[in-house]
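Asker: Got these off TrEMBL a minute ago, pasting:
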type	residues	note
BINDING	C:HIS128, C:TYR132	heme binding site
COMPBIAS	C:159-177	compositional bias 'Polar residues'
TOPO_DOM	C:1-9	topological domain 'Cytoplasmic'
TOPO_DOM	C:31-177	topological domain 'Extracellular'
Amino acid sequence: MGGRPSGGGLHRFANPGRFLRLSARVSPWLWAAAALLLAVGVPWALVFSPPDWQQGETVRIMYVHVPMAWLSMAGYVALAAASATALIWRHPLADLFAREISPVGAAVTALCLATGSLWGRPMWGTWWVWDARLTSVLVLFFLWVGHAALVRAFDDEERGARAGAILAVIGAINVPVVKFSVDFFNTLHQPASVARLGGPSLHVDILYPLLVCAVGFSLLFAALVLTRTRAAVMEKRIRQLQLAQARRQDAVAA
Amino acid sequence: MTLHWWYVTAAWGLAGLGFGAMLLLSLQRLAAAKRRLALLDPRAGGRDATARGLPAGDGLPRAKELQG
Amino acid sequence: MSLSRKKRRMWALALGLIGLGSATALVMTAFQDNLVFFLAPSEIAAQHPGPERAFRLGGLVEAGSVEKSVNADGRPEARFRVTDGPATVPVTYVGVLPDLFREGQGVVTLGKLGTDGMFRASEVLARHDETYMPPEVAAALKRTGHWEPERGAPPPAGSWNTMSTGGNPAASTGQGG
């Protein structure tokens, strides 16, 4: 195995190599931007923004809950898009991205559910109800966890990636269900406040820190997923190098 | 008021712990991958060759350029 | 291939299947039964659910209808009326009301409708509307007569969502969002 690999192997590696070079340049900026926005957004949300006229200080949970909710859905759209790309074009980087985004997506959805529950207890008077919004977000969480487990369950990595991709694409139906559940069904959960006909129904003193937090958490999410994907590409390269090394040693021994 | 703040603290605390753990784990994982890759493939100089489209060794990217 | 790796994969597969299975099960059961999370007073007037059936009643707490007292056991008791405009249902509830409960606010109550037309609630949940405003803005809207919270939803968000919190009610007009 001392010679050059076949053309197919070279092609498969050309893109991940370029990805590592490009992402190495983007990554520090992503981390810096996330840190900067959260350094502004978190104190703004927790200290400098006003309380709500009826929720009081509990409104401050919203500044972490809403970004988590948006990320759980936007992240899933990214997962479904990457999965479709992987299914159609067999792009190995899309498979790695899908594999690495799902644990982060599951964590973000879990945080959305947990922070929502912590808001619901004092405000609604309950930790949990089985209304259409809460149930569909729980389904979203199971889809994230199911995807993360499924892609890791197969002996053959490519088969696992394929199964996970099919699940991710089918599960994408749930995203519009989550989004529009509050409009189509009567729910305990309130309708949308920001993305709403007639403009946001939040006062700007509450809306602006929310938007800064949302962008900050989104950048942090992106930086995490990018870092995990970089590590995964390197780990794949390590496995191939180890395999090549073992083959060389076998050849010498023979 | 204090009860309100308890819920706020719990929510942000969970988010801080969750993101903190993910941050730590992913950076550790990246550092470990970089280290192992450098050990497996310490040869340098492949970068310029590939950049010019020339075959470098076995034609695979070198550790240095993979690390970025 | 060692047994532990096989076992790990098996567990991962099982976890995935459990996740998928429960997701499907939840979609099948929860969505089927709970698409109608609550009934509005006018739906109740049309459907006449029996006195033995527990269900959720949802609507706005009618202005001026809340009476709070302490019952014989020393527990807080509340009487109020839930309305959706055309119809109104009287409710009694023994227990602690959630923070957001007030007149003009949405509520979802679980309980049974007695033959006397009284809804006896075992659980009262407050429903939050989609508005978020600082106390100063709410006070200004009330002071200037633009909004009576007991009577329902606030005016369109564009009329107040850029209002200055410096206490100048005149800023409430003509600013869009």
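Backbone N, Cα and C atoms are what each Cβ position is placed from, and that goes for glycine too.
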Asker: If one looks at the chain holding C:HIS128 (heme binding site), which residues at least 6 apart in sequence have a CB under 8 angstroms from its CB?
Answerer: C:LEU100, C:GLY106
Asker: What's the number of neighbouring CB atoms sitting within 10 A of the CB on C:TYR132 (heme binding site)?
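Answerer: Around the Cβ of C:TYR132 (heme binding site), 27 other Cβ atoms lie within 10 Å.
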Asker: What does DSSP say about C:HIS128 (heme binding site): helix, strand or coil?
Answerer: coil
Asker: Could you put numbers on the helix, strand and coil content of the topological domain 'Extracellular' (C:31-177), residue by residue per DSSP?
Answerer: 30 helix, 47 strand, 70 coil
Asker: If you average the pLDDT over the topological domain 'Extracellular' (C:31-177), what number do you get?
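Answerer: Per the prediction, mean pLDDT sits at 84 for the topological domain 'Extracellular' (C:31-177).
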